[in-house]
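Chemist: Here it is, the structure, as C-alpha cells.
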Amino acid sequence: MFWLVAATMILVALLIIVPPLWRKQECAVADDDLDQRNIKIARDRLVELKANKAAGGISQIQYDEQVAELELALSDDLDLKNPITHSQKQGRWLAYVLVVAIPVLSASLYGTLGDYQAITRINEPNQVDQTAQANQANAAMPSPEAINKMVAKLADKLKAEPNNLEGWLMLGRSYKMLQRYPEGVEAFTHAYQLAGDKPEVMLPYAEVLALANNGDWAGLPKDLVTKALSIEPENLNGLWFAALANAQQGDKKTAIGFLRKLETVLPEGSGDKQQIHELIANTESELGHAASATSPQPTTASVVSVDVAVSLAAELQSDVKPDDSVFIYAQALSGPKMPLAIIRKKAGELPLSVSLTDAQAMMPNMKLSHFKQVRLLARISKSGDAMPQTGDLIGVIEGVNLADHTVHKIVINEWVK
C-alpha cells in the first residue's frame with residue numbers, strides 16, 4: 001500500500017514539475033486543458049486517499065497530511081505554469097485549489113478519533129496527545145523541504161492577497177500539518193477575521209490554538225467550540241472538541257454528554273460509533289470509581305472582569321463607517337502585546353459598553369486574572385485586521401487597576417501612526 005501511495009505522489013510531483021518546462025508559446029486552450037487535467041489528477045488522488053483511509057491503509061492523520069500536501073502541490077503547479085504573467089486573474093490558482101479544499105472540509109471525522117484514549121488520559125498534568133504526535137512524525141511525508149518551500153510561497157502570496165479566506169485556511173492547515181502551531185494560530189486568526197462565526201473556520205482555529213498551548217482547551221478554544229456548536233449542534237468535530245475540553249477541565253459528566261451526542265450522529269455500524277460507545281463506557285466507569293473514592297469539595301472562584309464604556313470623539317465621526325471593526329481589549333503593561341481579553345464590535349454600535357473577562361482570553365496563560373494592572377484599548381480598524389495599522393483610530397487608558405470595579409471610559413480620539 002505504501003508503494004502505491006508513493007507512486008501516486010511521484011506522479012503528482014511530475015505533473016507539477018513538467019508543465020513549466022513546456023514551451024511558452026502554447027496557446028490558452030492548451031493551458032486550460034492542462035488545468036483540467038491537473039484538476040482531474042487531484043480529484044482522483046483525493047478519491048484514492050479517502051478509499052485508502054476507509055480501508056485502514058493510512059491513518060486519519062496521514063490522510064490529513066497528504067491532502068494538505070496535495071492542496072499545496074496543486075497551488076504550486078498553477079503558479080509555476082505562469083511564473084511571469086501576473087496580469088492574468090490574480091488568485092485564479094485558488095479556484096482550482098478549492099476543488100481539493102472543499103471536499104476536505106467535509107471529511108467525516110476529526111483525526112483525533114484515531115486515539116480514543118485521549119479523554120481517559122486527560123487528567124495527567126500537561127498531557128499532550130503523544131500518540132498523535134508520534135503518528136505525525138512517522139507519517140509518509142515526501143520531501144519536507146519542498147513542502148516548507150511551498151508553504152513559504154503561499155504565505156508570501158497572502159501578503160499581497162490579505163483578504164483571501166481560502167488561502168489563509170489552507171495556510172493554517174499546512175502549518176498544523178508541519179506542527180508549526182503558533183504560525184497556524186496567526187493564519188487561522190486572519191481567516192476568522194475574514195469569515196466571522198463560521199464553524200468550518202472556528203473549529204480548526206480552536207484546535208490549533210489548543211495545540212499551540214500544549215493541548216490546553218481553556219479560554220478562547222473552548223469558547224469557539226461552544227459557539228460553533230450553537231450554530232451546528234451536530235458538527236462531529238465540534239462535539240469531539242467539546243468532549244475533550246470538558247474532560248480536560250475535570251467535567252467528565254458533561255464530556256460524556258457530548259460523546260453521547262456524537263455517538264448518535266455517527267453512521268450506524270461504523271467503527272467510529274463502536275469505539276465512541278466503548279469510550280463512553282470506560283469514562284463512565286472511571287467517573288463512578290472517582291465518585292465513590294472522593295467526596296465533592298467546595299470550590300470558590302473569583303471572576304475577574306473589567307467594565308468598559310467606549311465612545312468616539314465627535315471630531316472623528318465623519319472618518320468612520322458603520323461597518324468598520326472595533327476591537328476592545330486589555331494588554332499587560334509590559335511584555336507581550338497579545339490581548340488578555342478581546343471583543344470585536346462594529347463602529348455603528350458606538351457608543352457601547354462591554355465587560356472583558358478571562359472567557360475572552362486568546363491564550364490560557366495570558367489572561368486578565370494573571371495581572372493586577374492592565375492597559376485598556378479601543379481601536380477602530382477599517383481593514384478588520386486585529387493588528388494595529390497606520391490609519392486606525394484608537395483610544396487608550398493606562399494602568400487600570402483590576403480591583404477597581406468602576407466603569408472605565410475609553411474615548412477613541414487618536415490616529416495610529
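Positions of Cβ are set from backbone N, Cα and C atoms, glycine also.
Please treat TrEMBL annotations as automatic predictions, because they have not gone through curation.
So TrEMBL lists the following for this protein:
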TRANSMEM  93-113  transmembrane segment
DOMAIN    132-270  domain 'Cytochrome c-type biogenesis protein H TPR'
REPEAT    165-198  repeat 'TPR'
DOMAIN    306-413  domain 'Cytochrome c-type biogenesis protein H Ig-like'
Chemist: Return the average pLDDT for the domain 'Cytochrome c-type biogenesis protein H Ig-like' (306-413) as a whole number.
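Modeler: In the predicted model, the domain 'Cytochrome c-type biogenesis protein H Ig-like' (306-413) has a mean pLDDT of 89.
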Chemist: In the domain 'Cytochrome c-type biogenesis protein H Ig-like' (306-413), how many residues does DSSP call helix, how many strand, and how many coil?
Modeler: 15 helix, 52 strand, 41 coil
Chemist: Using DSSP, tally how many residues of the repeat 'TPR' (165-198) sit in helix, strand and coil.
Modeler: 28 helix, 0 strand, 6 coil
